[in-house]
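Working notes, structure below.
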Amino acid sequence: MSFLKKSLLLVLFLGLVSHSVCKEEKRETEEENENEEENHEVGSEMKRYAFWYPNRDTEEKNENEEENQEEGSEMKRYAFGYPKREPEEENENEEENHEEGSEMKRYAFEVVGGEAKKMKREPEEENENEEENHEEGSEMKRYAFDVVGGEAKKMKREPEEENENEEENHEEGSEMKRYAFDVVGGEAKKMKREPEEENENEEENHEEGSEMKRYAFDVVGGEAKKM
């Protein structure tokens, strides 16, 4: 009996020891896992700080970024003297500013209500005035050159009269040329002989010249004298 008791006690003791050992191992394992997680977080934290990224959760980070963006835009607006306005108010104010700017431009160019004043005439009036100015300018030119009603004065003769005068001047000039060279009615005077007479005279002169040459060399009838 004593042996059995001792063996049971030993088994129980060994069971307790093994159970405690298992618990210890389990605890150590959990601690190791926790340490690994902590080390991982620490390592990631160190990396984030090394690259100037603070440790923040994703949601908080997004929220903070949005808040910072809004605050930054608000600071810019205050820095430039623009108070914070709601989007609807901003759109309304932009429309009002656009209308005011267009109104100012219209007044600056003396345009009210989209209708041009005397300073700016309508296209139709401008066309009419341009036509009137063109007519007035042509009328002034016509008076400047002594031309009234499209009819030329004595200062400027009509094309037909000019052509007639040109023909008369041409005839007078040809007549003067004919008188200058003693030619009247197309018939040459004694001063200028006709071509036929000139040819006859040339033949006579040629014969006389040949006769003179023959006498100069004492050759008569083509036969040499005793000389």
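A Cβ is built for glycine as well, from the same backbone N, Cα and C atoms used for every other residue.
Sequence annotations record features per position, and here Swiss-Prot assigns compositional bias 'Acidic residues' to 30-39, 62-72, 88-98, 124-134, 160-170, 196-206. The compositional bias 'Basic and acidic residues' annotation in Swiss-Prot covers 73-87, 99-108, 135-144, 171-180, 207-216. Per Swiss-Prot, D-alanine (Ala) is recorded for Ala50, Ala79, Ala108, Ala144, Ala180, Ala216. What Swiss-Prot lists as glycine amide is Gly113, Gly149, Gly185, Gly221. Here Swiss-Prot flags 22-227 as region 'Disordered'. Annotation comment: Swiss-Prot describes 1-20 as signal peptide.
Distance noted between the C-alpha atoms of Ala50 (D-alanine (Ala)) and Ala79 (D-alanine (Ala)) is 33 Å. Ala79 (D-alanine (Ala)) is surrounded by 8 other CB atoms, counting those within 10 A of its CB over all protein chains shown. Counting same-chain residues at least six beyond the ends of the compositional bias 'Acidic residues' (196-206), none has a Cβ under 8 angstroms from any Cβ of the stretch. Applying DSSP to the compositional bias 'Acidic residues' (196-206) sorts its residues as follows: 11 helix, 0 strand, 0 coil. DSSP states for the compositional bias 'Acidic residues' (160-170), grouped as helix (H, G, I), strand (E, B) and coil, give 11 helix, 0 strand, 0 coil.
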